[in-house]
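The structure appears right after this line, and notes come after that.
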Amino acid sequence: MSRPSSTGPSANKPCSKQPPPPQTPHAPSPAAPPAAATISAAGPGSSAVPAAAAVISGPGAGGGAGPVSPQHHELTSLFECPVCFDYVLPPILQCQAGHLVCNQCRQKLSCCPTCRGALTPSIRNLAMEKVASAVLFPCKYATTGCSLTLHHTEKPEHEDICEYRPYSCPCPGASCKWQGSLEAVMSHLMHAHKSITTLQGEDIVFLATDINLPGAVDWVMMQSCFGHHFMLVLEKQEKYEGHQQFFAIVLLIGTRKQAENFAYRLELNGNRRRLTWEATPRSIHDGVAAAIMNSDCLVFDTAIAHLFADNGNLGINVTISTCCQ
C-alpha cells in the first residue's frame, strides 16, 4: 500500500521521498478559532500538497547513579566488546583462546577480532557470567548524559526508553533516517522538512484537505505555545482489512517528563454533532505507532469523518493547556 504524507499549505510533503511542487495556500474556514491552517494531502493522481559505574549488586537491586571509582571502571572494562565497545552481557561466549565478543557482533564475525581464532564451537564463560550478575553496568548513553547504572537484566529495557538516547525524525511515515539530540530536532524539521506549517497559539484549527484520497495518508503540522512545539498528526490507514480509520494525536517535541506538564484536546464539531478526545501529549521519543496500535488517540472511521467534513475537508479544533502539578 502506498503511503504518501502531507503537511501544511504552500509546502512540499515532509514525509515522502519526492516532494511535489508548491501549493497555493488555502484560506482558513470562516468559523475557525483564532488560528487556522489548511493541510492538504497528496495521493495518487493528486498534485496538491498540504500543509561507567560498576557496583557490586544482585539481580533486582535496581539502578543507581554516583561517582565512578577507578576499580569499578576497571572491572566493567573487562566486559567491553572489542568491536562495538558496548558490554558483553550474559549469555557470554568466548573464542577458544578466551576472548569475549558481544552476541550482536558475534553473529557478524567469522573469527575472533582479537586473536583471529575460531569462534566455533561456542564456549560459555560461566565465571564471567557470574561476575556480570554482581555488577551494575553504565547505560550505553552515559556519554550523552545518562548517569544510571543497572543490572544486566534491566539494561536493555532501560536503554529502549532512556531519555538520553538519540531522537529520530518524528515525521510519521517518513523515509527520513535522521537521528540526533532533542535540541537538534526543531532545527532538523526546519531545514529538512520546510513544508511543515507552524501555527502560534494554544487554540488552533488543524484543517486536513482531501480526506477522501485512497490509501494511507498522513497530515502533519506544528503548533507553538507555552514555549514548546507540538506536532499534530492525522493518519488515515487500514488498520483492519476493508476498514479505513483516522487516527489523530499530539506529540510534544520534548521529553516524557515535559509532556506530563501539558494536556491536549481534539474536537470535531459541526452539523450539531461533537466528538472530543482529551489526553496527555506523547513525547516524540515514543512516536505514534504504539498509540495507533492501542487506539490511544482520537479514532474515527470514514463514516464519522464524513459527518464533520465539508467538501472533503476536515477541521479539527486543537487546544493545548498546562497541567497543575
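Each Cβ is built from the backbone N, Cα and C atoms, and glycine gets one as well.
Taken straight from Swiss-Prot:
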| type | residues | note |
| --- | --- | --- |
| BINDING | C139, C146, H158, C162 | Zn(2+) 1 binding site |
| BINDING | C169, C176, H188, H193 | Zn(2+) 2 binding site |
| COMPBIAS | 1-15 | compositional bias 'Polar residues' |
| COMPBIAS | 17-33 | compositional bias 'Pro residues' |
| COMPBIAS | 34-43 | compositional bias 'Low complexity' |
| MOD_RES | S6 | phosphoserine |
| MOD_RES | S16 | phosphoserine |
| MOD_RES | T24 | phosphothreonine |
| MOD_RES | S29 | phosphoserine |
| MOD_RES | S69 | phosphoserine |
| MOD_RES | T120 | phosphothreonine |
| REGION | 1-43 | region 'Disordered' |
| REGION | 131-323 | region 'SBD' |
| ZN_FING | 81-116 | zinc finger |
| ZN_FING | 134-194 | zinc finger |
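Features per Swiss-Prot, on structure.
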| residue | record | CB count, 10 Å |
| --- | --- | --- |
| T120 | phosphothreonine | 10 |
| C139 | Zn(2+) 1 binding site | 23 |
| C146 | Zn(2+) 1 binding site | 20 |
| H158 | Zn(2+) 1 binding site | 17 |
| C162 | Zn(2+) 1 binding site | 19 |
| C169 | Zn(2+) 2 binding site | 20 |
| C176 | Zn(2+) 2 binding site | 18 |
| H188 | Zn(2+) 2 binding site | 18 |
| H193 | Zn(2+) 2 binding site | 24 |
Inset, instruction - Report, as numbers and ranges, every residue of the chain located at least six residues beyond the zinc finger (81-116) whose Cβ falls under 8 Å of a Cβ in that stretch; write 'none' if there are none. - result: 122-125, 128-129, 132-133, 137, 140, 152, 155
Inset, instruction - Quick one: of the binding-site residues C139, C146, H158, which has its CA closest to the CA of H188 (Zn(2+) 2 binding site)? - result: C146
Legend entry - From T120, C169, C176, the recorded positions whose CA lies within 10 Å of that of C139 (Zn(2+) 1 binding site): none
Legend entry - Secondary structure tally of the zinc finger (81-116) (DSSP, helix then strand then coil): 4 helix, 4 strand, 28 coil
